[in-house]
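Asks: Shown below is the structure under consideration.
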Amino acid sequence: SLTAAESFNYKKFFEMVGLKKKSPEDVKKVFHILDKDQSGFIEEEELKFVLKGFTPEGRDLSDKETKALLAAGDKDGDGKIGAD
């Protein structure tokens, strides 16, 4: 059975927060909230706090969850997620 820490499903999360239905402008706004150091990329340590970007009660992701989410968004394999 899955522990609570392993139950985070980023696909369900994206559906829940409506990212799939958001305009490119809205997605960029969310991106800038998560890109704390304004580097133009969301690095693993920023991604860990993704849930807090949507709700103050959000928990930090586990390292395993963060890596899975990073892998899903990291199309070029450089270890971070660009705005595109």
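Using N, Cα and C of the backbone, Cβ positions are placed for all residues, glycine too.
Any TrEMBL annotation is an automated prediction that lacks curation.
Per TrEMBL, Ca(2+) binding site is recorded for D35, D37, S39, F41, E46, D74, D76, D78, K80. Sequence annotations record features per position, and here TrEMBL assigns domain 'EF-hand' to 22-57, 61-84.
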Asks: Including all protein chains shown, what's the count of other C-beta atoms within 10 A of the C-beta of E46 (Ca(2+) binding site)?
Replies: 20
Asks: Mean pLDDT for the domain 'EF-hand' (22-57), rounded to an integer?
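Replies: Here the predicted model's pLDDT, averaged over the domain 'EF-hand' (22-57), is 86.
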Asks: Counting only other Cβ atoms and using a 10 Å cut-off, which of the binding-site residues D35, D76 scores lowest?
Replies: D76
Asks: Inside 10 Å of the Cβ of S39 (Ca(2+) binding site), count up the other Cβ atoms and send me the figure.
Replies: 11
Asks: Around K80 (Ca(2+) binding site), which residues of its chain at least 6 apart sit with Cβ under 8 Å of its Cβ?
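Replies: For K80 (Ca(2+) binding site), the qualifying residues are F41, I42, E43, E44, L70, D74.
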